[in-house]
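TrEMBL lists A:20-45, A:79-101, A:113-134, A:165-185, A:216-236, A:275-294 with the feature transmembrane segment. What TrEMBL records for A:75-291 is domain 'ABC transmembrane type-1'.
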Amino acid sequence: MAFTRKYRSEETKDKISAYLYISPFFIIFAIIGLYPAIFSLFLAFQKWNGLGEMSFVGLNNFKVVLQDPIFWKALYNTIVMGIMGTAPQIIVGIILAFILNQAYLKFKNTFRAMVFLPYITSMVAVALVFGVFFSNNDTALANYILNIFGMDTVAWKTSEWGAKIAISIMVFWRWIGYNTIIYLAGLQSIPKDLYEAARIDGANTFQQLRYITIPLLKPFIVLTVFFSTVGALQLFTEPTVFLGTQAFSRTEAMTVVMYLYRDAFSLQSFGTGSATAVILLFIIVVASAINTYLTSGIRKKGKGIKS
Amino acid sequence: MKKKFKISRFFVYLFLIVAGFFSVFPFYWMFVMATRPSAAYNSIPPTLTPGEQLVENFQKVLEKTPFFGAMFNTLIVCLVVTLVVLLISSLAGFAFAKFKFPGKNIFFVSILLTMIIPPQLGLIPQYYLVAKFGLLDTLFGAMIIFFLNPLGIFLMRQYISQSVPDELVEAAKLDGCSNFRIFRSVVLPIILPAFATLGIIVFTATWGEFLWQFTVLRDPDMYTIQVALSSMNTTSNVDFGMILSGVFWATIPLVIVFLMFNKLFISSITEGSIK
Amino acid sequence: MKKSKLVLMISILSVMILSLVACGGDKESSGGKDGEVTLNFWVFGATNYEELAKEYEKENPGVKIKVKTSETDDHHNSLFTSLSAGSGAPDIAMLEIDQLDRFKEAQDRFVNLYDVGAKEVQDQYLDWKWQIGENSDGDFLFGLPTDIGPKAMFYRTDLFEEAGLPTEPDEVEALIQSKEDFIKAGQQIKEKTGKPLLDSMEMAYRAIIDGAEESFFDEEGNLLIENEGNAVRQAYDLAIELNELGLVGEYEMWTPEWGNAVNNGDFAIELGAAWLKGWMLDNAPDASGKFRIATLPTEFAGNWGGSYIAVPAETEHEEEAYEFVKWLVSPDNQLASFKSDAGLFPSSPDVYEMDEFKNTEDEFFGGQSTAQYFANAAQDISFIYKGTKYKPAHDEILNAMNNVQQQGGDPEEEWAAAVERIKDLVSR
């Protein structure tokens with residue numbers, strides 16, 4: 001009797017601790033995040049130019065957006081660039097992390113720093129560098145290389161696929177280091193003796209990767225897939241700086257967030273901008289659910305939610 | 001057998017060197033431009049070796065912007081944001097990984113949902129709040145929205161549930177440790193590598209942030225580095241040598257921070273394996 | 001060891017947060033010392049306003065002016081955000097002419113400068129410039145005029161010579177009196193040197209649109225582009241025509257390639273405003289001495305750029321703010337702004353009469369004294385109405401031209417598509 005009572009009070013204490021520990025996030029969110037969220041939702045049903053009076057327009061904003069071919073183009077662009085820019089990151093990131101975690105590797109620190117460097121480099125510099133490598137002219141480095149192989153010059157900023165490919169490369173380049181170090185952190189949580197045992201059993205590097213690393217890294221892969229999906233669907237900074245002044249007037253590489261930013265800040269239509277944000281929210285929820293489900297496969301109840 | 005092994009290692013190094021080259025090249029190019037006059041940016045064939053204007057370009061940066069003041073502000077913003085995020089994330093991650101409480105999954109999913117609102121649209125209402133709190137032109141106003149970092153909570157939950165054995169937590173409990181003490185003495189030492197990772201990510205992301213800080217900081221004394229750098233980039237005067245010099249010198253501290261965290265990362269691993 | 005480090009880290013953190021929050025509280029109590037007024041002043045682009053503000057502080061003890069300079073788009077968006085949120089706007093803000101109409105919708109967020117006595121300085125400025133700063137009824141003044149952007153012809157003497165054309169400004173003016181002359185000269189240059197007349201289709205398009213009294217919208221907000229004889233269509237047609245004749249290059253403005261082309265003389269004529277010189281000085285040093293200035297044919301005269309200075313209604317010091325603005329854009333200071341590196345062209349005709357203005361010889365233009373050309377152009381300009389959505393609509397036309405030039409699109413189809421997109425923009 002005494003034992004169960006003590007147990008119960010222990011459980012209550014745990015509950016209190018847990019709520020206490022997660023509360024900072026929610027308190028800060030309540031202060032700074034909740035109002036913007038509600039405000040955006042509210043705006044989606046209003047017509048507002050940012051300065052004057054608001055007027056209620058019901059679902060009209062959604063109608064305007066969903067009937068706009070540019071919105072669908074933007075969604076298509078976002079998905080295409082998301083697949084081209086982020087999917088390879090995950091695969092290459094795993095391989096890089098696996099290699100960088102090898103015990104025999106020399107200059108580990110140097111290589112890690114090198115791979116992470118793009119993420120540190122400021123967006124201004126990235127925009128300038130990629131602007132030069134992928135300009136529309138023959139003198140652009142990318143075109144120079146294409147010409148060597150006898151291919152035609154590509155208008156990297158204004159052609160349908162040129163712009164998408166250039167931006168995808170930029171996204172890939174900039175975020176690969178980020179994913180790699182998350183995987184590296186994940187690898188730290190894998191006990192070293194597992195590899196030891198596998199090596200003794202005669203498993204080669206590929207087998208180690210296939211049977212130890214990937215299964216145990218899976219929660220981290222799911223994590224990055226989720227965050228990459230959200231990040232890809234919210235793609236904004238890279239295309240904006242790459243395209244410069246043309247970013248909001250051309251549609252080859254306009255993403256959904258660029259579309260809503262253009263609505264709000266250059267067309268002064270905060271209602272349709274917010275409506276787009278609400279639509280995007282649904283798309284993100286669905287896409288990340290699908291992607292997370294696909295990567296985790298038919299997952300047995302993981303270690304994470306343990307009783 | 002042994003020989004084959006060596007060949008594979010050769011390819012591993014080759015792969016790393018190629019990857020490293022592509023990673024570093026734009027950074028190197030930035031350095032080259034930082035040492036040359038503006039016209040080098042346009043030249044054909046491209047300029048690939050450093051020139052001799054390193055000091056000169058940087059002097060121009062110092063003339064045009066409050067460079068060191070802005071660096072100091074940025075450092076404070078980044079440090080505070082990083083520490084707050086590490087604290088919030090590790091506590092919440094600990095709770096989600098090791099405790100049972102009603103509504104756990106709902107809370108966890110709602111953290112997810114908070115990151116789905118595109119930040120560009122939240123700009124005006126968030127600005128409105130910060131202005132109402134009287135936090136315009138304060139570093140606290142510049143950092144407050146970055147305290148919300150769902151990735152941190154996710155990463156920490158995953159790491160803690162995977163690398164902190166339940167038995168250890170149970171044992172500490174039986175010894176009569178309070179929950180916070182368990183967190184401090186048992187969990188924290190184990191999750192240092194994840195701290196290093198998250199720390200690097202948060203620190204660099206905050207360092208590169210522009211839009212929000214530009215919106216809430218209008219007093220040049222309060223500028224963070226990205227805001228200061230952007231103020232010298234006006235369309236009518238495009239001095240690439242100067243701009244890239246500013247960008248280059250603003251990036252160097254990050255490289256140092258990375259190497260520091262990375263050391264923590266490595267040392268904690270080796271220490272862990274000795275235990 | 002490690003544990004103690006962590007404890008240390010956490011304690012530093014809490015101290016920092018507390019001190020910062022405390023700091024944040026302190027900062028808000030504005031005003032400072034007794035009787036001292038601090039004016040926040042936001043500007044964009046290249047100006048000499050920081051130096052002028054320092055001078056003003058010296059002459060007026062008790063007034064402090066904090067100047068914040070930003071990039072054009074960032075500046076306007078940031079100003080928009082603070083006006084929209086109704087808090088945090090500066091005491092004084094510069095507004096670019098193309099962005100002005102967007103802010104006119106927020107009349108209640110600005111001080112009517114007529115209420116603080118702006119009528120008394122009205123006759124110092126060009127009428128058309130002043131009128132653009134008013135609301136449509138003419139009873140509310142948003143800002144005082146700063147600089148303007150009258151356009152003139154910047155031509156390369158080396159290319160003109162190579163093509164067997166005259167190189168003296170008077171002769172060039174006599175040669176190019178109309179659109180037809182302009183094209184004829186272009187064809188001769190193309191033939192003899194192989195180089196295009198203009199850098200881009202945008203420049204050709206601007207030749208007409210920058211001078212048009214009405215472009216996309218009328219003051220009621222009706223879309224005019226489908227009307228017979230609309231200036232946008234005329235401008236577009238000119239750009240298409242020049243493109244078909246091979247007289248325009250593909251140097252898109254403000255790109256490094258464009259800078260390079262200006263520097264090397266890869267095209268013969270730039271239809272630039274006065275401020276373009278400042279840009280050339282910095283970015284095309286090799287072009288020094290190669291360009292001369294001549295007056296444009298009347299049908300191509302126009303204004304490109306220029307600004308106003310407004311006082312947002314939030315300010316607690318509207319009198320002081322207005323006094324400073326009045327001083328800042330007074331004829332004498334406009335002369336100073338003109339002579340500074342920023343080269344802001346005065347909007348006050350009084351300045352055009354000053355000897356110092358007339359006699360400035362310009363080394364970049366081979367010692368030509370150029371100010372008079374722009375001053376003449378400035379007086380030929382008339383009131384221009386643009387409308388809130390001018391910029392996005394303008395971008396759609398640029399898009400269409402780009403598609404024609406670079407993707408080989410059909411001019412008629414591209415025009416029709418652009419009109420459709422503009423209609424959609426308007427419906428938002």
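The backbone N, Cα and C atoms fix where each Cβ goes, and this holds for glycine too.
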Query: Are the transmembrane segment (A:20-45) and the transmembrane segment (A:275-294) close enough that 3 or more Cβ pairs fall under 8 Å, when only pairs 6 or more apart in sequence count?
result: yes
Message: Are there residues at least six beyond either end of the transmembrane segment (A:165-185) with Cβ under 8 Å to its Cβ atoms? List them, or say none.
response: 81, 84-86, 88-90, 92-94, 96-98, 100-101, 112, 115-119, 121, 126, 130, 134, 142, 156-157, 217, 220-221, 223-224, 228, 231-232, 235, 238-239, 242, 253
Message: Can you tell me which recorded stretch out of A:20-45, A:113-134, A:216-236 has the most Cβ pairs within less than 8 Å of the transmembrane segment (A:79-101)?
response: A:216-236
- line: Long-range CB partners for the transmembrane segment (A:113-134) (under 8 A, at least six residues beyond its ends), listed in sequence order, are 96, 100, 140-142, 156-157, 162, 166, 169-170, 173-178, 180-181, 237-238, 241-242, 244
Field: Spatial neighbours of the transmembrane segment (A:20-45) far in sequence, C-beta under 8 Å, 6+ residues away
entry: 54, 56-59, 61-62, 270-271, 273-275, 277-278
